[in-house]
Amino acid sequence: MTPETLIYAFTFPVLGVFLGLVYKGIDRRFSARLTSRIGPPIRQPFWDVGKLLLKETVVPENAVAWIFNAIPIVSFAASMTLLLYIPFGVLKAPLEGYGDLIVILYLLTLQSLAMAIGGFASGSPFSSVGAQREMVLMMSYEMPLATVIVGFAMLYRSFSLTTIASTPVWGVAGPLAAMGVLLLLVALLAVTPAELAKLPFDIAEAETEICEGMLAEYSGRNLALFYLSDAVRGFAMAALEVVLFFPFTLTDIFNLGLTGTTYYAVEALWFLFKVLVIYLLAITLVRTSFARFRIEQASKIFWVYVNIIALVGLALVWLGV
Amino acid sequence: MAKTQYYVPVGPIHPALKEPIRVEARVEGEKIVEVDVKRGFAHRGIEYMGMKRNAIQTLYLSERICGICSISHPYAFVVTAEKALGIEAPPRAQYIRTIIGELERIHSHILWLGVVAHEMGFDSLLFWTWKGRERLLDILELLTGNRINYSVFMIGGVRRDIKESHVKAIKDMISYYRIFNEEMKEVFLSDPVYKARTRGVAQLSKKMALELNAVGPVARAAGVRMDIRQDIPYDAYADIDVRAVVPQDIVGEARGDAYDITMVRLYEIDQSLDIIEYCLDEMPEGKLMAIPNYVALLAKIRRTQGEAIGAHEAPRGEVIHYIKFDGKRDGPSVWKVIAPSYNNINTWAPLLLGAEVADIPIVVAYIDPCMCCNDRIAVVRDEDGRVIDPATLHRKAVEKTRKLREELGVRT
């Protein structure tokens, strides 16, 4: 491990938490504006976390206390590790040599799984129903998610995210494969709200049905960790989509002769802008314009429609390679 | 392998409920296998308070029974009190009362549409509908001076006139809501997600609706053609041919589910706009109160011995009031209120049985429940001051009936 990697490993999580919360703030503000509201200030998520950290942490009487308390840490760690695998603009991912897309898939699953375990461990009926729903939902959206990743592996003959990020997918793929990649993008965009437990797929947390489900019993520090991991995961998911599908740098597009710090700063801002656009389109806009599905409806959507889109995309990629 | 059963308590405090009631559901996975509805968390003794006051004070107390349809209870109260006292409101006052009653129906229906959208997580629709509703509240404020508790009705008339200057504002509002309602119909009735969440959910057959005594839009959505405005017309409704809005008239069949009830409410908004327009055009001239002097009115109440039952078709269904004047006081000696939610809550248990957990908020919301309309329980105590439980009360009632039969020599 080089000192550079070490610096990355410390700065990325701090930056990740900061950006995750900022994006969450923008998301709330944008959503409010879409529904004719003023909305909270963009720094509201920071205040929320601060307040949660100050509050008392209550553990339910019939909960399995050690699992109940450990799960938020696991969840937070999973989303933080996820962040370390995603190349930030032109910067390399800190852990690029130690894992690839498959690990990302596992880390995404790990967080959902952690929340489900936390739900079961809390011993509350709402949490249990929520955890059951999360498991069903996970089983539904994992298949299209895996299909997308297999499609990329087929195209690049590699699972490495840095390889994928350095050569834009649209340049590698032929016309047929490009159509396939487009379908894979649609499938991944459909999976995004479910992966992040946002409307219309926030079925496991459904506030009006089961009072936030798995999070119903969480409070104080534990809830703050879940809140943070949710924020980071939202940012990471949007960043992943940018890296997979829109890795174009400004230097590539306009042939800019930038060097040194300017180069890194401009590209970083450009990357953040792309992530913001994806975040607002794939998460905020979708969660503002849909009602919550029932669990069996959501399963059907993923197993039938999204799966068909993903598999057709995969077939096109296979034919086009 | 036996499936694990969970006991999911919904209420008395729960995000799906705006007021306290308790739905105890036993679920297997997502399916509800056992359900019990418990009520009685919001008893306020408002009828008892009413019986201690004079009739005008009681009228304004009746406005406080319900927060949303705050005109429904005063409307039923004045209709009943006028019947008991044998006075009739002047025609102009009757028309004004009808206009305000219908304005309130529109705002209550729009509010419900927002709430049911919120229950299924569609908050954008909630904000949109509630934003649209503001204009109506502004008109109500213009006409009555208040947005919630209007305090505009009086036994034998109304306290404020609708002036020529108001008419234009109301007509502008009507044309605004004609467009807004078309948009709402488009959004609610055509949206695939809304349809997916409401079609077949909370499905009440006509037979069930009659057996469970459902009233108002809930019964009408199930295809029962009943509406107090049509069946027992009062005030300006007597001059208007009001027909109950039922789904079979709109789409040919009534399924009685949450989608149908949305449709009924949306079309009732159109009907209310028609009624308001008719009332504005045909409003007779004349005075506003049958007995303008409050002292004279209270004196008449003090002299009157009589009782009456009156009803008003509130946005949620029929509100029935019973009032008795004993000729000794200037207030009602007996005042009994029956609110529509009391009947409609009976439909919850059969509808929830076999439904999914995800349907609980929609089943709960589709009747537009109002707990503060509902909970006015009677507590019976024995000679020693102990509360008599229902079983004992029932036993005592049976014993008393038997004793009466023996005394009168009646054979069963």
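A Cβ is built for glycine as well, from the same backbone N, Cα and C atoms used for every other residue.
These figures come from a predicted structure and were not determined experimentally.
For B:GLU47, B:VAL337, the entry in TrEMBL reads Mg(2+) binding site.
Here TrEMBL flags B:CYS66, B:CYS69, B:CYS370 as Ni(2+) binding site. Same-chain residues at least 6 positions away in sequence with a Cβ under 8 Å from that of B:CYS370 (Ni(2+) binding site) are, in sequence order, B:GLU19, B:CYS66, B:GLY67, B:ILE68, B:CYS69, B:ARG316, B:ALA339, B:PRO340, B:SER341.
B:CYS69 (Ni(2+) binding site) is surrounded by 27 other CB atoms, counting those within 10 A of its CB over all protein chains shown. Feature annotation from TrEMBL assigns Fe cation binding site to B:CYS69, B:CYS373.
According to TrEMBL, the domain 'NADH-quinone oxidoreductase subunit D' annotation covers B:120-376.
In sequence order, B:ILE65, B:GLY67, B:ILE68, B:SER70, B:SER72, B:HIS73, B:SER108, B:ALA314, B:PRO315, B:ARG316, B:ALA339, B:SER341, B:CYS372, B:CYS373 are the same-chain residues whose CB sits within 8 A of the CB centroid of B:CYS66, B:CYS69, B:CYS370, the residues recorded for Ni(2+) being left out.
With respect to their backbone Cα atoms, B:CYS373 (Fe cation binding site) and B:VAL337 (Mg(2+) binding site) stand 9 Å from each other. Averaged across the domain 'NADH-quinone oxidoreductase subunit D' (B:120-376), the predicted model reaches a pLDDT of 88.
DSSP assigns B:GLU47 (Mg(2+) binding site) to a helix. Around B:CYS66 (Ni(2+) binding site), taking its Cβ as the centre, 25 other Cβ atoms fall within 10 Å, counting all chains.
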